[in-house]
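Structure, as structure tokens:
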Amino acid sequence: MAFTMQPVLTSSPPIGAEWRYEVKYDGYRCILRIHSSGVTLTSRNGVELSSTFPEITQFAKTAFQHLEKELPLTLDGEIVCLVNPCRADFEHLQVRGRLKRPDKIQESANARPCCFLAFDLLERSGEDVTLLSYLDRKKSLRELISAAKLPASPDPYAKETIQSIPCYDHFDQLWEMVIKYDGEGIVAKKTNSKWLEKKRSSDWLKYKNFKQAYVCITGFNPNNGFLTVSVLKNGIMTPIASVSHGMRDEEKSAIREIMEQHGHQTPSGEFTLEPSICAAVQYLTILQGTLREVSFIGFEFQMDWTECTYAQVIRHSKPVHPKLQFTSLDKIIFEKNKKTKEDFIQYMIEVSDYLLPFLKNRAVTVIRYPHGSRSESFFQKNKPDYAPDFVQSFYDGSHEHIVCEDMSTLLWLCNQLALEFHVPFQTIKSRRPAEIVIDLDPPSRDDFLMAVQAANELKRLLDSFGITSYPKLSGNKGIQLYIPLSPEAFTYEETRQFTQLIAEYCTNAFPELFTTERLIKNRHCKLYLDYLQHAEGKTIICPYSTRGNELGTVAAPLYWHEVQSSLTPALFTIDTVIDRIKKQGCPFFDFYRNPQDEPLSAILHQLKKKS
């Protein structure tokens, strides 16, 4: 059973009691079969993928080993690399799918595991259930997922690599969530539908979350009727898509006439055209700088072709409040590399999937630079009176704190030139830390290697305790080590005991390197270990936030193998960090699923016994 039932694309979602709705994910459609002798993972075209995604097949063997009476069982679903509850990273999945060497596959599986999202049940206890109704199959799947103690809905921070896609009764309820998380779309399924092998059936309808972009027409192929459309990227007109679908006959005729009169015909017969004519297109996602599933909307004769920028495409790629406006996009804000406000906003949009989880439920403090990084700056933690209603906030009884959990709030703050985002160690409804952060602060940028040495010494110590730590550049001159904790697991008093223990060990074992002296003049060019900074009311620069310096450097998470003498903070800027994530993933990808409660509790227990 390899060839799967397929949904039909619809331009309007079906509404009614006879329909249920599921999130549509951008991944590899697969059949997962689990039986007593092993596991198989097969693509919809019959390609065996078990060895390509060992984190799924290996987990499947253990997840269902105590449910032998349920075997053999067969699940229909999607292999994805989750970014958030409604969206997957198809670009990373494609890279992963092309790997052939077992060692490279395992390395990628460890660094950024993919997961199988089950949305249908085809076989249970060896019995074919495809002829049961959709609702009955879904109920049976929920029972199975519950018995196996697997996530009932997609969770990018869960350790389990088999999860479930739930169904919703109401389209509007789910569509709001899909828009919020920038998901691919929704699949509507008839409640009485059977699962039909090798069929594309109108019992399943897919409704996609298309975006709109403005492009410049720069080429035309008369042989197939496709337009080449381009945008300004780094000052160069760069092709971003080929499009034919959606064009009316009269529009095609007009383009052909324009090309023949004003274009240049190449030896191959294709035409090129100097930038002049703008158009609006619809697309689904951006993959490696190219628009996917593109269709033509119409000409935009009132636009100037210089408005068709890649940054404009990125700005329109995320769901934001209709009242959000951007101003002075050409203002230079990072002087040394001449980066504009538009460049900054583009970076924040592209990094938002990795930044926002660390801002979630935190009372954020921003540092604003109204005239760019060379100008005066000021801190802001309260929501100003002039902020629009859509800007999120939290009232603690005395102050209205800014809370930044969505794109609209994030981009409003960016438009106010909030270049730095600082967060406390606890969430808005807690007085207990959600992580420990050890701040390694060398005397100057020229002394950064001291931070590298200090970080590695601390890693050896933490490893000896059985504690996993995560390094991050401060974005200025230092390194910060993160230790994740479960919510409400420890008090600040307890974490202070631990950070003080670390500080005392370091200053005693390496007196020439570390100091806890708060007065700069008394530090004698040693690295300052600020264990007092980890306290209620204190803040730390958020992962992936920019810093307000002339380069626009980023507080970038690191892999431990990168923390060596060749590490150069100046190379981690808004120009490089996005490409880095696309190629290497996020070093903090499993941060929230890896709390270090057990080893920390053991250390605190020993400290208590000694006292």
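Cβ from N, Cα, C; glycine included.
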The Mn(2+) 3 site in Swiss-Prot lists Asp439, Asp441. Which one of Asp353, Asp385, Asp530 belongs there according to the record?
Asp530
Cα-nearest neighbour of Asp26 (Mn(2+) 1 binding site) within the listed binding-site residues, Arg44, Glu78, Phe119, Arg200:
Glu78
When you look at Glu22, Arg29, Arg44, Glu78, Phe119, Arg200, Lys206, which the record names as binding ATP, what is the longest CA to CA distance in angstrom?
19
I need the CA-to-CA distance for Glu22 (ATP binding site) versus Asp441 (Mn(2+) 2 binding site), whole Å please.
48
Any idea what the Cα distance is from Glu78 (ATP binding site) over to Asp441 (Mn(2+) 2 binding site), rounded to a whole Å?
45
Candidate binding-site residues Arg44, Phe119, Glu184, Lys206, pick with smallest Cα gap to Asp439 (Mn(2+) 2 binding site):
Glu184
Who sits close to Lys206 (ATP binding site): which same-chain residues at least 6 apart have their Cβ under 8 Å from its Cβ?
Pro7, Val8, Leu9, Thr10, Lys24, Gly185, Ile186, Val187, Ala188
Just going by other Cβ atoms within 10 Å, which of the binding-site residues Arg29, Arg44, Arg200 has the emptiest spot?
Arg200
Name, in the order they occur in the sequence, the residues of the same chain whose CB lies under 8 A from the CB of Asp441 (Mn(2+) 2 binding site) and which sit 6 or more residues away.
Ala451, Ser474, Lys477, Gly478, Leu527, Tyr528, Leu529, Asp530
